[in-house]
């Protein structure tokens, strides 16, 4: 075995690993330039601190094998995933019960301790500046933000601790309660500022939109312009319009406010706590109540509550990755600064708070997150377009009435104005903003029950249309908990794999464990076995010099002394004098190379016996007995969840800061695919001669990216959006904020920092991808409710304006405006229940196709118009109902012409009942994609509809209101209208099917044709469109995502250098099997096509 390399890895293993990487590049066509990634990241870190590096030479960058043996993970602030990086941190000297351990010695490779210290984390450019005294008269510095955070005057981050206490006017005993209350008024709470919406302005907002403006204009017309012809102002219509506006606004305000309060309560429940000393006593308070000068304490696993200077530090290591993007934990000592939001990975510390809230490091970073210049949300644009359609339709017929009724039929001013009010009041979907707001608000509450807190309510609508989900790996796709793969345990002696694991557990701590010890002990069926049957005599915990742990114990059954050690392979093999042969070394190199190529960390285990009773003496030599593979395993539900996402038409891309090999291995285990690329391709572009012609093509083809920094996340989102995709991005750190803000839907995962939560649209309170996929499914249900209502509202607009305009032109029919208000009010009561309607989510990403919505609306509206006009014709032009059912109208026939009165008050009531009833029934057609009875509505919708029909019938039977031109009708007329509406209702489904088969198909074919033409013009591939069948789209997705993975996996699994070729038939069969599995997934998660 060759001499250990600088970082303790055998040179042969390092060389074999590099050769393995080269083989990966050659065989997979993937630019897996891991060495270059490491070197680039190294040079960036060194250059960032170049001004300080004047007294010592720049250290050489780590090699790939060194990173593999250390398993460097870039994931942010997770308490376990990077804990094994302690070999880069300050020395940790902790002991279990037993005799004192010897002081750390030099490594087995013979490298002096001084040289080994060069491998400590500080050599990555994180040496602390030497503290200095304040260079100003501290008496002139006042206790206020303007002075304390003006670095031209004083820098609390670098001055000596004594000066910090002087400037902050505090002591190590902490502040008094009264002083802390005074300071929170001076500096504000320790949290990012968020604007509180004024409730009154929020309420008025529901009456401040184009649709409401028209209704408000109609109210002014009723009160100010309708007092002609010797008649008083139209007070009933004015009061009715105002009441309708207030009711809609009140409902929307109540629901949205309730949802906002529910979300706020959940967010408050996530508020972090801090241990603080006040009045000389330690207590726990909310972090938001901290002020500069407070004394705080934190330990392993805690989040640093505010920027502070350490006054006491015991083996402290801080993970600042979420804030600064640094991959490795930073060792801290007394006097060092800790950033708010970073995580304590090891040790215990006390410190004095020097900055809170917006004055902290990530508070300043969060303030730099820019807002999109376009402040108009997507949903607001859609509402504006739908509103424009309704307004244009109303405006057209209002103009026609003005130019026809007055000149042609010589209408009086007041009579014509009443007809115009009918169109304005009946045609405006005044409830649309309220219904959509209530639907979103109720949806947000439903998502919150499933651990997804919506912070921007319109993000629900955008989440329904997401086509690509960029997910981080650690804690979302994986468990964020290191595990030993029992199937991959390598043995080199007489011990079985389970015996190797047990002996490794002996050499692990059972209390105050780090991640490695925890995963080894946790692999045992019973963790108590780690100390069962032995008597511990001496334990040497891990330290960054020796890079191993060691236990000396007495076996109770035999009484013999034994010793076990575990640690880095390069260190352990040098200790193994008993079986250190060329054969064992070569096998070890091969095993380590295999593990490294799959992103697994290798942990060697060695064993020796002592022939004497002196537990501090030398043994008879260590023997290498096994090699353990440690990895962060996928979550149990992740693979099924990814299949669910594919079934929903959403492609999942892994975006991780981990190494490329780790990302590929995780992708393999999840069936996600292993088209993974290092993040450097985002800057360098695809390699020359590769299969990708452009970076955009590579990004679309990729299953994920490794070695990703926050700026890479932003670039990935930007390019995916440029390709026309709606993109969701997960993140957890302050540096992820720009990418979360850029994404169509930013998702802060469980455990994210306040800065990430502030930039995100959705905050998850539970780990795992399943929560996100559930939120996507829930958002699509919400979208379907909004789409159903949009079609209904537009159809009713067409139905009202066309119907009453034609009746006015044909019969000079003057329908009372007040009755249109009654129709609108009853409709509102029914459609408000759409927010909780039972609907199935679509199986493809949703999008607002306004052409389809308007086409359906026109078809339904004209059909319902026809039903009313035919009824009027039958009543006025024939005696059919009088002869068959013995009913009659109130007015007598004209004595000269013998014609019935076209404006009979009972005729007004009959038309009111017919319009009110069938309009409400239309919602059952628009909410279903098949026959209306095949998708059961919610109980609330059925109940509201039944009540509205009953009230409409009661009004028709008993209402004799003198202030409007109506009169009650007999039960016979009510029965006729009920039967008439039922007969006309059933063909509505066939209208829907005919539209889908003709007009809608033509729309989609034209859209597909344009997409093909645009793709050909740009020289790109022809994209799949929504019109592609469901089965074909699933088949294509699985085929493209997994076939290449199968080929590479087969080649690597055991076929050596033999080139594996698979026929197209075999590949199609594989894809069909996967499609069948997805079919089972779809069966478990019912959904419907567009």
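Using N, Cα and C of the backbone, Cβ positions are placed for all residues, glycine too.
Taken from TrEMBL, the feature region 'Disordered' applies to 46-80 (among others).
Taken from TrEMBL, the feature compositional bias 'Polar residues' applies to 66-80.
Here TrEMBL flags 95-116 (among others) as region 'Disordered'.
Annotated domain 'Cation-transporting P-type ATPase N-terminal' per TrEMBL: 155-227, in sequence order.
As annotated by TrEMBL, transmembrane segment applies to 200-226 (among others). Same-chain neighbours of the transmembrane segment (200-226): 233-235, 237-238, 241-242, 244-245, 248-250, 252-253, 256-257, 383-384, 387-388, 390-391, 394, 414, 417-418, 420-421, 424-425, 428-430, 432-434, 437, 817, counting only residues six or more beyond its ends whose CB sits under 8 Å from a CB of the stretch.
Long-range contacts of the transmembrane segment (238-254) within the same chain, counting only residues at least 6 positions beyond its ends with a Cβ under 8 Å from a Cβ of the stretch, are 199, 202-204, 206-207, 212, 215-216, 218-219, 222-223, 425, 430-431, 433-434, 437-438, 818, 821-822, 824-825, 828, 832. If you look up TrEMBL, you'll see 238-254 (among others) marked as transmembrane segment.
According to TrEMBL, the feature transmembrane segment maps to 386-408 (among others). Here the transmembrane segment (386-408) has Cβ contacts under 8 Å with residues 209-211, 214, 416, 419-420, 423-424, 427-429, 432, 790, 793-794, 797-798, 801-802, 805, 808-809, 812, 850, 853-854, 857 of the same chain, all six or more residues outside its ends.
Under the heading transmembrane segment, TrEMBL lists 420-442 (among others).
Beyond the ends of the transmembrane segment (789-812), by six or more residues, the same chain brings 386, 389-390, 393-394, 397, 400-401, 404-405, 409, 411, 419, 422-423, 426-429, 431-432, 435-436, 439, 820, 827, 831, 834, 853-854, 856-858, 860-862, 864-865, 868-869, 872, 876, 902-903, 915, 919, 922-923, 926 to within a C-beta distance below 8 angstroms of the stretch. The transmembrane segment annotation in TrEMBL covers 789-812 (among others).
Taken from TrEMBL, the feature transmembrane segment applies to 853-876 (among others).
If you look up TrEMBL, you'll see 909-926 (among others) marked as transmembrane segment.
What TrEMBL records for 938-959 (among others) is transmembrane segment.
Annotation comment: TrEMBL describes 971-991 (among others) as transmembrane segment.
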